[in-house]
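Residues annotated as region 'Disordered' in TrEMBL: 1-33, 190-224. The repeat 'WD' annotation in TrEMBL covers 295-336, 346-380, 381-413, 481-512, 513-546.
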Amino acid sequence: MSAAIASLVSYGSDSDSENESESNTSVEKVNPSSMSLAVLNSAPEVAVKEAVETGIHLDPALKEVTYNPTYETMFAPEFGPMNPFKSQQMAAPRNMLSGYAEPAHVNDFMFEQQRRTFSSYGYALDPSVDTHESSSNTYIGAVEEAEKHKGLTVFESGLKKSQKRKKVKGGDAGEIDNYLGPWAKYADEKDVAKPTEDEQKELDEITAKRQKKGRNEDDAPSEEKTILHVKDMYDYQGRSYLHVPQDVGINLRSADAPDKCYLPKKQIHVWSGHTKVSLRGCIYLSVIYVWSVSVLGHSKAVRDICFNNTGTQFLSAAYDRYIKLWDSETGQCISHFTNRKVPYCVKFNPDEDKQNLLVAGMSDKKIVQWDIRTGEVVQEYDRHLGAVNTITFVDENRRFVSTSDDKSLRVWEWDIPVDFKYIAEPSMHSMPAVTLSPNGKWLACQSMDNQILIFGAQNRFRLNKKKVFKGHMVAGYACQVDFSPDMSYVVSGDADGKLNIWDWKTTKLYHRIKAHDKVCISALWHPHETSKVITCGWDGQIKLWD
């Protein structure tokens, strides 16, 4: 470019030489090197590749680019490249979400060794420092502890082999302090005192429990006791206090149910005496009330009771692992049965010719059948995988249904120890309360997923999916279910102490009454009345509603 400028200047000086001579005007020659590039160049400003590659972004005001910039250069932000709004911590270099991890290789054993050492002693080797150099900077964490223990890890012993106890040769024990020989005790060794009788008994119980051999307790049943709460056991006509009244307007001995039942609305009577009660027999404080007489005969809480067909005798099952047969009128204990397991439920066989037989669901997954005349076990039904919670007789007492903690329902033929029907689905829950409908066609099962499920009770024992009663909370509580005598309503208590009443046909929740301050554990509809319902709760009260 300088040569072109020089030629232009020389061309101008040759053509004008005559005029210069005439005017005697001296013209100063122009030095090409003294002229600036900006004066001669009239093209627009362009980007220089070297400048962009050094980190300067493209100026949006540029009109021309003399090279092919990269995508990142063309679309780089106008401000930056550093974000001015980031804090110093945010702007720090990171190669992972939590920060920057330097590349290093540590084998699995070394990593686990240092991790355990840090957890136990509070110090570990610094992976960023050369471990061959021994100094305080080699460790992180409790450096003083590291120096004190000389950097020992959890896998290393504090004593060297030369410092460990040497074996005694030739019986010379003088080199070892407090050591008197291979069979002697140390000088500072103390004898352990012999445990007392109470301590030894407690140790034996703990050992027996660990070995699952049961507690070392007395096998004898508790002493029975009866308390009469009426003035006289017999009236002036010689009738017992258990005599059925004849002036109540209904025939209590008749099996006929009322034609139409109605919803109860108000409370008409309260019985108190228990701390926790259940009409199905879950009675606490080991006391059984017949509300004219109290029967004491169990050392632990009573789990279930069952009357025979005439009501003259009843069975009680308790957590003391005994089942006892009582006389309802006198409160005398007739006999007792046990197989050293806890009975969860007990039932008489409802047939008139089999009232001498009882079945009990046990905690060891078995259903045991006793003959009360001989006191011997005559049959065992061993198919469940969990404790048996309920036993319900169906099909004119030829069969019975059992439910268990194994979340299954099994149907048995009487006196045949193999179940012929087994119902278990992945969606099923434990059903600790089961009631047979008055017409004998349905089983109402209180499920622990806050539902009442209905199963057929005749041939196929199928789940009726159209009959599911919801709206109450019973998870964790064996709240008893019942039907109205005319099969119009289904009743149940719940964990909130409420009495819930559903319509049988539509499964709609019709009515809800706040019956108890604590759990309403049971609700029963009077079998011969139109609207009388009795409830009991963990507040220790039994209430009658009408």
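Including glycine, each Cβ sits where the backbone N, Cα and C put it.
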Legend entry - the repeat 'WD' (481-512), counted residue by residue under DSSP: helix, strand, coil: 0 helix, 18 strand, 14 coil
Inset, instruction - State the non-local partners of the repeat 'WD' (381-413) in its own chain: residues 6+ outside its ends, Cβ under 8 Å from one of its Cβ atoms. - result: 344-347, 349-351, 354, 359-369, 419-424, 428-436, 440, 443, 445, 455, 457-458, 461, 478
Inset, instruction - For the repeat 'WD' (295-336), would you mind checking the mean pLDDT of the predicted model? - result: 91
Inset, instruction - Helix, strand, coil: count each for the residues of the repeat 'WD' (346-380), based on DSSP. - result: 3 helix, 19 strand, 13 coil
Inset, instruction - Please spell out the DSSP helix, strand and coil residue counts for the repeat 'WD' (381-413). - result: 0 helix, 19 strand, 14 coil
Inset, instruction - With DSSP as the reference, give the number of residues of the repeat 'WD' (513-546) in helix, strand and coil. - result: 0 helix, 18 strand, 16 coil
Inset, instruction - Helix, strand, coil: count each for the residues of the repeat 'WD' (295-336), based on DSSP. - result: 0 helix, 23 strand, 19 coil
